[in-house]
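If you check TrEMBL, you get these features:
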type    : residues                                                               : note
BINDING : His109, His113, Tyr130, Asp294                                         : divalent metal cation binding site
BINDING : Tyr130, Val131, Ser132, Gly133, Gly134, Asp162, Gly177, Glu181, Asn266 : substrate binding site
DOMAIN  : 29-300                                                                 : domain 'Gcp-like'
Amino acid sequence: MPVVIGFEGSANKIGVGIVRDGEVLSNPRRTYVTPPGQGFLPSDTARHHRSCILAVLQEALHEAGLKPSDIDAVAFTKGPGMGAPLVTVAVVARTVAQLWGKPLLGVNHCVGHIEMGRLVTGAQNPTVLYVSGGNTQVIAYSERRYRIFGETIDIAVGNCLDRFARVLKISNDPSPGYNIEQMAKKGQKLVELPYTVKGMDVSFSGILSHIEDVAHRMLATKECTPEDLCFSLQETLFAMLVEITERAMAHTGSHEALIVGGVGCNERLQEMMGIMCQERGAKLFATDERFCIDNGAMIAQAGWEMFRSGQVTSLEDSWITQRYRTDEVEVTWRD
């Protein structure tokens, strides 16, 4: 039963998780929160990660009740993500692996989300909707690869929500998307927004441009409330995501859908996906914020699967990359 420690820091979350044979032993994380109306810059985010990564590492070991000698391998996020934060975490992971004399495992961030979702929910072979601040993809497994059936052709759904939150000066604590979700629950009027599905792909930049353009005018003339705008944006974005997921399920003949990524813990998205699955006679799998938001345990779990199948990353190949597609990874641990 190998024990793998995982380091995640591809965006504004820094997390260290420890996994042993399908059991999450610890999973602490910290979030870099910026003032309302502002996003997080790579250099500032990396500085935040550097300031607390060793404390999070100590917390993970303490929570798991383990010593460095108990760890069998060190996994880290190789990409995709923001350059400076990725480098910060990779340097620490490489240092720890060399100090402890343990093998390294460079993990694809997206595959980490999928493996964590499969572990926590027990989904066998689902069609995956991966939705986060940096990624939007519909994925299914085939012949040792996670194949991308559809994706955003511009910005990610989480990025769209985050940038709209800046327009309304919505708080970033605990996250812009969570606060939009709470406001959307009070919305009553559906404002018509562009709906852009192109085959299996989606586009969000036009919706964002449109709502940014009309928001202040509509609010000033009291045509709608901020809550109405949050409600309308969510309904439109999520309807597009449900449509392409259903199309992928029809194509693959799948009877399971799994939502992963930070946006995946949105209860309204889960509700809409649940209705679609019910109508298809399929089953929906989703997780809560402990596991769908970026965390160290998901990197540890994907690393555990890699390690178990004989994969390791040499020091020379332990560089990071901001662009690392889900379907570039050879999935050696699944039939």
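Heads up, residue numbers simply count up from 1 along the chain you see.
Glycine residues also receive a Cβ, built from the backbone N, Cα and C atoms like all the rest.
All annotation found in TrEMBL is predicted automatically rather than curated by experts.
If you count neighbouring Cβ atoms within 10 Å for each of the binding-site residues His109, His113, the highest count belongs to His113.
One residue stands out among the binding-site residues Gly134, Gly177 for having the most other Cβ atoms within 10 Å of its Cβ: Gly177. The Cβ neighbour count for Ser132 (substrate binding site), using a 10 Å radius over every protein chain in view, is 25. Other residues of the chain with a Cβ within 8 Å of the Cβ centroid of His109, His113, Tyr130, Asp294, the divalent metal cation site, are Ser10, Cys110, Gly112, Ile114, Ser132, Asn135, Val260, Gly261, Gly262, Met298.
Across the domain 'Gcp-like' (29-300), the model assigns an average pLDDT of 97.
Each residue contributes its Cα atom, and for Tyr130 (divalent metal cation binding site) and Asn266 (substrate binding site) those atoms are 13 Å apart.
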